[in-house]
Amino acid sequence: MAMVDEPLYPIAILIDELKNEDIQLRLNSIRRLSTIARALGEERTRKELIPFLSENNDDDDEVLLAMAEELGVFTPYVGGVDYAHVLLPPLETLCTVEETCVRDKAVESLCRIGAQMKESDLVEWFIPLVKRLAAGEWFTARVSSCGLFHIAYTSAPELLKAELRSIYSQLCQDDMPMVRRSAASNLGKFAATVEPNHLKTDIMSIFDELTQDDQDSVRLLAVEGCAALGKLLEPQDCVAHILPVIVNFSQDKSWRVRYMVANQLYELCEAVGPEPTRTDLVPAYVRLLRDNEAEVRIAAAGKVTKFCRILNPQIAIQHILPCVKDLSSDSSQHVRSALASVIMGMAPVLGKDATIEQLLPIFLSLLKDEFPDVRLNIISKLDQVNQVIGIDLLSQSLLPAIVELAEDRHWRVRLAIIEYIPLLASQLGVGFFDDKLGALCMQWLEDKVFSIRDAAANNLKRLAEEFGPEWAMQHIVQQVLDKIGNPHYLYRMTILNAVSLLAPVMGPEITCHKLLPVIITASKDRVPNIKFNVAKVLQALIPIVDQSVMAKNMG
């Protein structure tokens, strides 16, 4: 008897736990669906488990989300692709719930199952499901249906295809903005499955309606559609249909739509080709760079280098560069930061002469910006300019600004520069560093502010890691050790800190012969605090040096 009852046991647990008041038990049960399905076998899973799940009206979104996810990979447990259609009813129900993330997951799972189904099954089961959802009384069903058309369309017979295009067109004119938004965001995927002759007629008329929607949230999703449709259309059709829309959108009354255009403009340029970009999109881009909303200027500034790459240098200098100059002194720090993160990439595009004449003054003004993010974005990309104008010119123009910042009266500015030094060193090379920045690094070890001295010690360690122990031995170690005799005990403590940081990089031999004797001498210092710190440094050196050496010196 026990053997006969055994298979019933898992389903009994599932039903009990799914009805349990404890949400965690219900969740655990849903996540164990695959285990329970294996125990039941394919036939009983189809006949008992799936119908039970279809009727399950759990009100907790977390449980429903887990169910939508599980059902997407459930095809093997119901008997494979031939029986995949039995999974559609519970997912159809989940497509109508209020919680967006549950609906999205249900649509994702339906797409996954639909992609595996046979054409005949798609026509018999999947397409009717899409039509039912699209005609749903509650808007959530109609929202979900928009994400399924691209799966349904490819296998539909000609008459059904025409019907699906017509239904999609109706969804784009739905009373509810949420449905129109969903139709707009899925248009690119649907358009990719539609035949070229219908693409120019039906899909483009749908697209035109979306671009003139009174809700900005629908129009901004239509901007994304511009790039997707542009890739599907022939270049001449793209110029005729997509280009006027982009130009209009760049002057849209809603800043969110203009922001979206600024973000997508590079992709849109690729869609329409070089000539229309020069004649129509450059003026549109200039308008976005001068937009009265900071968010739009941020998005446009972040694309300035990419945009210049598809133009010839003359047009970039003539039209884009004046805007870049204005943006470099923009009232919003975020705009300046976005510009600083990409402007260095303009140097290879504009060439040496234009970089020296036009870009260098902009770099200098951004390098002296009051906000650290702006300065960092310039310093972190110096190598791109170095490749164009060469190290000599770069050091003459930008280095004085860096030195000036390194000696700024505000200690936080000095601190920011110290943190960029290893980055500068790695970009500009060891020779440049030795000539120009080496003395600064030593100078910071004797700064009046502790945070600067501490950062300077860490900086030396990072430089030793960057250029190697041999370079550090020649250029750092001896100069650091010479400072241990400083009359002020706080500076002597900084040197001890620097030694303890350098030791792991320098290795046992240099530590034993060069660093350890200095520390031992410092242990006889008249200031107790120094002696205490010597003890801490020795403790840090124990793993690095040979035990016998340590025992001898400690003795």
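Counting begins at 1 with the first residue displayed.
Yeah, the Cβs are placed from backbone N, Cα and C, and that goes for glycine too.
According to TrEMBL, the repeat 'HEAT' annotation covers 10-48 (among others).
Per TrEMBL, the feature repeat 'HEAT' maps to 164-202 (among others). Among residues of the same chain six or more beyond the repeat 'HEAT' (164-202), those with a C-beta under 8 A of the stretch's C-beta atoms are 127, 130-131, 134-135, 139, 142-147, 149-150, 152-154, 156, 209-210, 213, 215, 217-218, 221-222, 224-225, 227-229, 232-233, 237, 241.
The feature repeat 'HEAT' is assigned by TrEMBL to 203-241 (among others). Beyond the ends of the repeat 'HEAT' (203-241), by six or more residues, the same chain brings 165, 168-169, 172-173, 177, 180-181, 183-185, 187-192, 194, 248-249, 252, 254, 256-257, 259-261, 264, 267-268, 270-273, 276 to within a C-beta distance below 8 angstroms of the stretch.
DSSP assignment over the repeat 'HEAT' (242-280) gives 33 helix, 0 strand, 6 coil. The annotation repeat 'HEAT' is assigned in TrEMBL to 242-280 (among others).
Long-range contacts of the repeat 'HEAT' (281-319) within the same chain, counting only residues at least 6 positions beyond its ends with a Cβ under 8 Å from a Cβ of the stretch, are 243, 246-247, 250-251, 255, 258-259, 261-263, 265-266, 268-270, 272, 274, 326-327, 330-332, 334-335, 338-339, 341-343, 345-346, 349-351, 354, 358. The repeat 'HEAT' annotation in TrEMBL covers 281-319 (among others).
Residues 282, 285-286, 289-290, 294, 297-299, 301-309, 311, 313, 365-366, 369, 371, 373-375, 377-378, 381-382, 384-385, 387-389, 393 of the same chain lie 6+ residues outside the repeat 'HEAT' (320-358) yet bring a C-beta within less than 8 angstroms of a C-beta in it. The repeat 'HEAT' feature in TrEMBL is assigned to 320-358 (among others).
Looking only at the domain 'Phosphatase 2A Regulatory Subunit A helical' (358-549), the predicted model's pLDDT averages out at 75. What TrEMBL records for 358-549 is domain 'Phosphatase 2A Regulatory Subunit A helical'.
Annotation comment: TrEMBL describes 359-397 (among others) as repeat 'HEAT'.
According to TrEMBL, the feature repeat 'HEAT' maps to 398-436 (among others).
What TrEMBL records for 437-475 (among others) is repeat 'HEAT'. Here the repeat 'HEAT' (437-475) has Cβ contacts under 8 Å with residues 402-403, 406, 411, 414-415, 418-419, 421-422, 424-426, 430, 483, 486, 490-491, 494-495, 497-498, 501-502, 505-507, 510, 514 of the same chain, all six or more residues outside its ends.
What TrEMBL lists as repeat 'HEAT' is 515-553 (among others).
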Long-range environment of the repeat 'HEAT' (242-280) - Cβ separation under 8 angstroms, sequence gap at least 6: 207-208, 211, 216-217, 219-220, 222-224, 226-227, 229-231, 233, 235, 287-288, 291, 293, 295-296, 299-300, 303, 306-307, 310-311, 315
